[in-house]
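Engineer: Before I ask anything, let me first share the structure, which is written out below as structure tokens.
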Amino acid sequence: MQQFEEVHSILEKAKKITVLTGAGASTESGIPDFRSANGLYADANVEMYLSRGYYNRSPKEFWKHYKEIFQINTFHQYKPNRGHRFLAELEEQGKDITILTQNIDGLHQLGGSKHVIDLHGTLQTAHCPKCKAGYDLQYMIDHEVPRCEKCNFILNPDVVLYGDTLPQYQNAVKRLYETDVLIVMGTSLKVQPVASFPQIAKREVGATTILVNEELTGQEYNFDYVFQNKIGEFVEGLSSRK
């Protein structure tokens, strides 16, 4: 209980809060953890199907597999959960809060957060590789192979594919160097370069670091506070301190 009280006080006083989220932030909305032992990424071919090279070589086949892997046609059923709303509420209270998410579901934005850096892109949109016109999720659902209405080019998904660089990485690191508090929620911290963020925040910036994850990550030494909880449980614990 004392940890909850201390963290509540830290968040009350913090000027700039950065939150790094992973799959655990969305599993409470019913979205499967694609990287789990039984997840869709367990298929040996998935990395090929979701690669930039495969999109370039076989864009029609790419879209078929992309839709199957991410279950695009049923994605509207997923809604923001208590964790998403909690972060949006912090922002509504006037906190300078930025979310760095590894998730591609767009639920932080749907939950009301305005300052979100999608490290791995988003499933919610795609764009024309020629004219850059944007298209939403419903357009992708409605068209077997989505094409630009103006150029007729097959759309490029806004998810970062294997073989792509992380276009938002530098923006994320810049934010880390400005932050007072880093909260890491629902990620095993196994994927680089994101796995280095807690060390940057604690060792180089001197920020207060907080981990919320059901499983231990092996990086507990980089955190001032460790909560081995579901995110919803953590939020409930903080709420009871008000």
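Backbone N, Cα and C atoms are what each Cβ position is placed from, and that goes for glycine too.
Below, the features straight out of Swiss-Prot:
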type	residues	note
DOMAIN	1-242	domain 'Deacetylase sirtuin-type'
BINDING	ALA23, THR27, PHE34, ARG35, GLN102, ILE104, ASP105, HIS120, THR187, SER188, ASN213, ILE231	NAD(+) binding site
BINDING	PHE34, ILE104, ASP105	nicotinamide binding site
ACT_SITE	HIS120	active site, proton acceptor
BINDING	CYS128, CYS131, CYS148, CYS151	Zn(2+) binding site
Engineer: Compile a sequence-ordered list of residues in the same chain as ILE104 (nicotinamide binding site), six or more apart from it, whose Cβ lies below 8 A from its Cβ; state 'none' when nothing qualifies.
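Structural biologist: Within the chain, ILE104 (nicotinamide binding site) has Cβ neighbours under 8 Å at PHE70, ASP118, HIS120, GLY121, THR122, LEU123, VAL159.
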Engineer: Can you tell me how far the Cα of THR187 (NAD(+) binding site) sits from the Cα of CYS128 (Zn(2+) binding site), in Å?
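Structural biologist: Between the alpha carbons of THR187 (NAD(+) binding site) and CYS128 (Zn(2+) binding site) there are 32 Å.
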Engineer: Out of ALA23, CYS128, CYS131, CYS148, CYS151, which of the binding-site residues has the smallest number of neighbouring Cβ atoms within 10 Å?
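Structural biologist: Sparsest of the binding-site residues ALA23, CYS128, CYS131, CYS148, CYS151 by Cβ contacts within 10 Å: CYS131.
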Engineer: At a 10 Å cut-off from the C-beta of ASP105 (NAD(+) binding site), count the other C-beta atoms across all protein chains.
Structural biologist: 22
Engineer: State the Cα to Cα distance, in Å, between CYS131 (Zn(2+) binding site) and ASP105 (NAD(+) binding site), rounded to an integer.
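Structural biologist: About 25 Å separate the Cα atoms of these two residues.
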Engineer: For Zn(2+), what surrounds CYS128, CYS131, CYS148, CYS151 with a Cβ no more than 8 Å from their Cβ centroid?
Structural biologist: HIS127, PRO129, LYS130, LYS132, ALA133, GLU149, LYS150, ASN152, PHE153, LEU155
Engineer: Mind checking which of GLN102, THR187, ASN213 has the fewest other CB atoms within 10 A of its CB? They're the binding-site residues.
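Structural biologist: Selected from the binding-site residues GLN102, THR187, ASN213 on minimum Cβ neighbours within 10 Å: GLN102.
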Engineer: Spatially speaking, which of the binding-site residues CYS128, CYS148, CYS151 is closest to ASN213 (NAD(+) binding site)? Use C-alpha to C-alpha, please.
Structural biologist: CYS128
Engineer: Cα distance, CYS148 (Zn(2+) binding site) to ALA23 (NAD(+) binding site), nearest Å?
Structural biologist: 31
Engineer: To the nearest whole angstrom, what is the C-alpha distance linking CYS128 (Zn(2+) binding site) and GLN102 (NAD(+) binding site)?
Structural biologist: 23
Engineer: I'm trying to understand the geometry here, so how far is the Cα atom of CYS151 (Zn(2+) binding site) from the Cα atom of ASP105 (NAD(+) binding site), in Å to the nearest whole number?
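Structural biologist: Counting only the Cα atoms, the answer is 27 Å.
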Engineer: Whole-number Å only: compute the distance from the Cα of CYS148 (Zn(2+) binding site) to the Cα of ASP105 (NAD(+) binding site).
Structural biologist: 22
